[in-house]
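Down below is the structure, laid out as structure tokens.
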Amino acid sequence: MKVSIVCLVLMAAIVLVAARPDESSYTSKFDNINVDEILHSERLLNNYFKCLMDEGRCTAEGNELKRVLPDALATDCKKCSEKQREVIKKVIKFLVENKPELWDSLANKYDPDKKYRVKFEEEAKKLGINVRCICILTIPTFFGRAGRSVLRALIFGYVIAGPLFNLLFNTKEVIRTFGCTSQLTYNLTKTRFDLMFKPFQQAIHAMKADANEIKDTLSSIRDLMSPVVEEIEGEEEMIRLKEENDYLDELQGDTKRSKEMEEKHEKKVESAKSEGEVYEAKYKKKIEARCEEQLSRGAQRCRDMFGTAYDKCYEKVSIFVAWLICWPMKLTFVCNLVQALGGSSICDPEGKVDSGIGEGYVALKSARDEFSRSLKDAKLQYKVKVPPVILDLQDTEDAAKAVVHEFSVRRKLFKSVMTLIKRCLSFIFLKIILDALSYNDKYLSDIEFDNVYVTSYFRRIDARRKVRGSLTLLPFKKLEKRKFIDPYHPIPAKIEGFHLIGQLVKLLLEFIIVTIFVILDWLFYEVLDIIRRHAYMEYTQRGHHDLNLEIRGTGVIASLIRSAVRGFNVKKRVKTVVTNKACLPQPTKLPGYVIFKIYGTFFLVFLLIFGSIYTQRMRRGICSFFYRRREKRRVLYLYNETLRRRLMHAKFMKAKVRNMARTRRLEYEIDFWLALRLKWPKRFGWLRYFECARERCLICEDPEPRKGPRYRPCPNPSCPFLYCEECWRDVGRICYACADFSDTETEEYDTQRSDF
């Protein structure tokens, strides 16, 4: 109501600076009026009020006020100057806080249908009439549900920045350890493989270079045998010897000896029984041709020397003397003396050449060809098996890198999401202001909102009624005590206790969830730390690979074989010391101050839950301070409504109990635990400690107390229902379950309603 009045005040205050309504702006001739003097003077203020209410005489300014007021309301004070608006605010603040009764009358006169109150409601709120109340309401709101929400948001942020991110970091250490261990295992396996198979691989590759050496050796064998082959099989020398012998024979006029030698040796070749004899016959032919060539060349040189001596002698003496002295130089037959004395056997190679030379040559030639053919047929072949390419196959290093990359991507995504959540949690603080504003609005608009407090004004009303002898409410009935709160009583009411238990259960669940995350992080850290402290290994890899092939012999073949297999002579040693220190996880322990902040904030929430019982009561007290008239109306409504419900309660229970009697009797008969206790009290008397085995009051449905007076049974022995002492007095000591009532009396009420 007060908010609506404030809306009207905004327009009414314009009257202080009124002007003609048909002008574009109100006149400023009244701006110099001392408004403070008018507001603090009861006489002047009442005169203006009576003028506006048509209850007294009006001055010139008063008449202008009455005439301009409708236009100001209709135009939203668009013609007001800044100074006039400041005066409006001052008048509003004073009259709303000090003279609210004046504005009730003004509102009813100038805005009876509340048209302008609704129209200018937003404008009135902008003036900040309720700002102080809302600002102060934020204090108890902070210690209430909204404040606990802020602290819960802080806890959630601490959990994200603490255990969750620590779990994420330690998980990254696990991924790193996996990749490092895989790489270390690969390196150790590769070292062992190199020790076992690398020498053979190197020897096989080195045999490529040995092949060139073998080729050089074969070339040296061919060079070594080529003179022998030329000596025995060479034809060029035979052709030359034949030509020279034939030439010398022609010069001397002798028959050609070459024909005789060919005929002689052709017969030997034809009579040869083996390839060795053929080579031997040919070689003897060559030897004989050489001998004949040497003899013929010697005889020719002898003749040349005799001819030269004759010419010199002939030149030195006269012709006649020369004939006598030089004629011996003409005796050239002396040059053939060796051939004449030796006969035809002088150049016969028989007996001069070792027998079997042909066979030896054939054997040598055969050995050469066999060796060449054997080396030509011997092929060194090796094949490097390249495994087929398998798609999507990764080794340990690639797998480790892929896992680390995938984890890094997901880690960045998780950090981004968590950062966004923390940013959003920072806006939860606005909930305190919004809750304070919501409470203020509901307090002013809903008369039943949070209207359960037995205030001092409530007690004064009850005391006045008691003095007058009217029906009173205090003390409350047992059913009524559950719904009301004494704001001055330190012990929480039942409705507050129920809310308190619910909040504590909720806090316990949150505490357990957060503790689970903290314990998971601690366990994860402990496991990794145990691995770090006890999984250290120093691995010594020691091994040797010795292979020695000894080729005995000094010949060419031995040298060839020795050069071919020398790469297999291996002496390799391996001794490495490797540790897994770099692959051990290095976990991070959650700092103690983070755990302290988490559980310290939980403790604050725990205190706020207990303190909220009293801080929530403060909200009503704050609003009652700022809105006194509204508080009185709320208390009057609460008192009257409670009184009405109490008066109607008896009639309501008559109808309700008659409809429930049959059902309750059936429930009474089939109550298993109660039946056990009543039938065998000695054996099952201990069930009294449980509510399910105790009888209940028909009216309030409270269970019978374990100790103290028992409930009053119905005087009718056939009626099984009980009543507590208070309910028995309230029903007039009449059992509603078995009493007779008129049908009109019971059918008048809706028995399904529970607001009575």
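Backbone N, Cα and C define each Cβ position, glycine as well.
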- request: Have a look at 594-614, 720-740 and point to the one annotated transmembrane segment in TrEMBL.
  value: 594-614
Query: Averaged over the domain 'E3 ubiquitin-protein ligase DCST1-like C-terminal' (696-739), what pLDDT does the prediction give?
result: 79
Message: Counting by DSSP secondary structure, give me helix, strand and coil numbers for the domain 'E3 ubiquitin-protein ligase DCST1-like C-terminal' (696-739).
response: 6 helix, 7 strand, 31 coil
